[in-house]
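Encoded as structure tokens, the structure appears first; notes follow it.
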Amino acid sequence: MQAFDQIETVVKSNTYNISKKVCWLISIVIGICLVVLIALTVYFGVRSPNEIIVYVEATSLSTSTTNQNEITTTTRRNEVTSTTNQIETTATITPTPPVERIPTNLKPVLYEWTITPNLTDETFVGDLLYTFTCLESTNKLVLHMVDLNIDNSTIAIVNSSSGTMPVFDAWSYDDYNQFMIIDFSSDFQPETIYTVHIVYWAAIDSDLEGLYLSNYVDASGTSRTFLTSQMEPIYARSALPCVDEPARKAVFRITVNHDPSYVVWTNGELERSDALVDGRVNSYFAPTLNMSTYLLALIVASKADFACLPDRVISSKNITSRTCGRTQILPQIAYADEVAFKALNFFNEYFDIDYALPKIEHFAVPDFEGGVSLRFSYQSLILGLLIYAEPGLVFDEKTGSTSQQQYVTLIVAHEIAHQWFGNLVSPAWWGELWLKEGFANYMETVASDFIEPSWRQEELFVIEKIFSFMKADSLPTSRPISVESTNLADIFLMFDRITYDKGSSIIRMMAMFLGAEVFQQGIRNYLKSLSYSSATQQDLWRYLTEATNNTVDVERIMTGWTHQAGYPVIEINRIYTKNDQQLQQQKVNGELIITQQPFNLFPSTTKQETWWVPFKYLDQASLELSNENPLIWLNSTSTTLSVTTSDSNWIIGNPNYFGTYRVKYDPRNFQLILTQLQTNHTLIPVINRGALIDDTFAVSRAFLINATDAYRLIDYLKDERDFVPWTAAFSAIDQQEYLLGDNEIYPEIQSYFLSLVLPLYNSIGWGYINQTADWRRALLQPKVLRAVCSFGYPECIDRVKTMFRQWYLNSTENGIPTSLRSLVYCFAVSEGSYEEFQFLWNRLENEVESIETSNLLDGLACTKDRSRTVWFLNQHLKDGSVIREQDITDSIVNVASSRDVYPIAWIWIQENWSKLFAKWGKTDSGLDDVIDEITNRFVTVRQLNEFKIFADSIVDKGTVYRQFQLSLDKINAAIAWNTANIASITELIRSMNDSSTMSHRLSSFTIPLHDDLH
């Protein structure tokens, strides 16, 4: 492959002779233009701070001149709103119509599917016998089908329970709904069972969809391929004609005709294999249970290169659990094998329903899509055979990182939970996908707390899932968890943080207000009553309500949480204790005025939604006495509570994040909390310390308080050592870095952030941390080191360079710990030269392990050199690139996230959009993440206008259309925040540094491609 430094640009120039008169004329014209430009710059660019106007289309946003150094209450939002015209949000996009459902007059019963794959020709032949029951008379058989070449001569009804067999007439295709509509000469009759025969063929691609080819390198170093599959959500229709909807379940009986050197895995157990006269083999598999089409799975791979670890048998249940993959990685999937066995045992007991099949197999493949990118990209919900990308199962117990151990544990537990939520009981339609993904996302935490109790995964749930969805759910264009109708693009878009993280968060909230035992009994009844069928959220509400003996109306409480976008912010205003003379100086209890409103990053956007909010609070007295204050339901905009808390003691709402809402405090109570954090922060529970950080920065973004309040709160972090609050803090710091853009104050703010984390950095160091003895500290270490290096701390950068150089000279003797490789590679490349970059690229070209591949890609994305950035980005779209298909969009996201080169990435994305969209614009493979990440740093009107022009130029946005809407709103919100907060933050930071004469030079990481004049 051509190295980037070998690309030459040849510039040819020609010279011309110009007369002196023409030259003078040109000079005069240029001089006049310069004078005009200077005059315009003075007029439009030099204005007093109080006259700043940000133009957004035909609307404007003027800054507030209020005092921003004091804590404010709700009037803060009103002040901003009173001086702020509503910012234009996304242009209205006419939605495409929802897809039609296949008529229910014919009920699927059985798919007898024989498939003959030819991995050399990259094609397969399918032979289908589809059996269905007629419920209402019709002469049309409607099936989903995409890109299948049908042999019309084979279409025929070959069996009928009545003996009467309608004759095939013709078939047509509905392209939008992807319907194959088969007409017959006479009607199917009710209560009659029919079987239709269809033979077809299709190509096998490497696109990670449906049946596809995956590449790997065998033990001898030879590149080879095998067949694997990904049917969720709507790819089964590209493997066989079928009713490809989650509620339309049927039995599958699968036969695979294959080369004898290959072995086959699928949903059912192998019954027998017969050698054929042509030398091939027919492998016959036991019929599956009644299942949805998206659960169909098939792997055909070389016997020499793929195998399984020894079986684990749950003797009391006679269930076999096994874990499989490339033979080279079998030792590294032993931990996943242990987790899978423990999780299956746990769920059998927890749900009081045994896993339904005699076998469960976990299979690691090199290339896999499996859902939206990042958090959800390494697994597929399948019955009997669970397919993962290799990082989802690989963990070396000797050298693996804590984050990878956590990841494998959660992913495996998640997939096993799906055997009940998703497989045993499926959502009736994709619009209620949260009924399986939300539950699996929550149950993975419950199982992980059983498997690895020392991790306290319940605490991590708050920062990893609740805070995660809240960031995605704070804009006007967010969506509800439950969606009534969906088009094809919407089906893919359902696989997002709203479904996974918000879904699991409201399930956790239900578990908390119902109580663990009542919740468990309710979901047991739900699963038992609806086994092998589908469900709606009304079914769930009914069984949970019955578990309370009808004392709690779960549907009444929860409907707002699933049918309304967003979530509430609860404002706590204390009415402090006073002496009542009429009661002879007897003290009267204080009061809390509890108010809810929709959380919204746009101060002038009025929303009227309310929720049923389970409100709880804690104070120092209740902590010391281990007493819980009672649960109060808030179902209106405001209510008042009587409290006995002393005026001198703080009150904190939402203990342990009991409910899914943010909290804002009145100025006096907020100051009491600050004082507690600064004197003895450990008196406040660790989850609530993290919540205080995340909530305070969030409500400042919503203009409910000054941003400076959030900065003053995190000042206590110099004494903090726990994982939860620091993870929340790093997230908040990253968000501030995005929002501040290239503002001249950022280097000073960066120095302030560095001062907060340095005590922890000095404490945690670079040394080895025993993961078994101090798992949380080991998990925190790379986060701390990455933060300190990103702030440019010389000792940190020098340490990275030394580690990298030693590894560079002798990688065998000087290995970098797995948990630190990504950050060491990143800063060695960002602070280094061509040599470091090319060394990592050479390693990538020969790397076969998926986790190390990700580390190398992370490092390469950190280059600050423009030419290297463009060259690296170009490799993602080259045919035969060493960057694997499943890694491409995530790797582009990494480049887009770089403060140093995101402008280059933005230009590249625009120039290559047609190629990017052609590959990923119609699927859920992460192109929306690319748009989301690149626009995270757009905080100026120029950037907004650039993005609008780009968005408006794209007619078909495919599965990325919602992200364009969200990004436009996000940019507008960032502009408003900057206008309102930069001055007060600047004043606070400089007062903290006790100096206002710090250098205003551009920092080393700034690339001043444009100067934005507001």
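Placed from the backbone N, Cα and C atoms, the Cβ positions cover glycine too.
Annotation comment: TrEMBL describes GLU415 as active site, proton acceptor. As annotated by TrEMBL, Zn(2+) binding site applies to HIS414, HIS418, GLU437. Look at TrEMBL and you will find 107-295 tagged as domain 'Aminopeptidase N-like N-terminal'. Taken from TrEMBL, the feature domain 'Peptidase M1 membrane alanine aminopeptidase' applies to 335-561. Per TrEMBL, the feature domain 'ERAP1-like C-terminal' maps to 650-972. What TrEMBL lists as site 'Transition state stabilizer' is TYR500. Per TrEMBL, the feature transmembrane segment maps to 22-46.
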If you average pLDDT over the domain 'ERAP1-like C-terminal' (650-972), what do you get?
95
Starting from each candidate's C-beta and looking 10 angstroms out, tell me which of the binding-site residues HIS414, HIS418 has the most other C-beta atoms.
HIS414
What is the separation, in Å, between the Cα atoms of GLU415 (active site, proton acceptor) and TYR500 (site 'Transition state stabilizer')?
13
Around the C-beta of GLU415 (active site, proton acceptor), how many further C-beta atoms are within 10 angstroms, looking at every protein chain?
27
If you draw a 10 Å sphere on the Cβ of GLU437 (Zn(2+) binding site), how many other Cβ atoms land inside?
25
Listed binding-site residues among HIS414, HIS418, GLU437 whose Cα sits within 10 Å of TYR500 (site 'Transition state stabilizer'):
GLU437
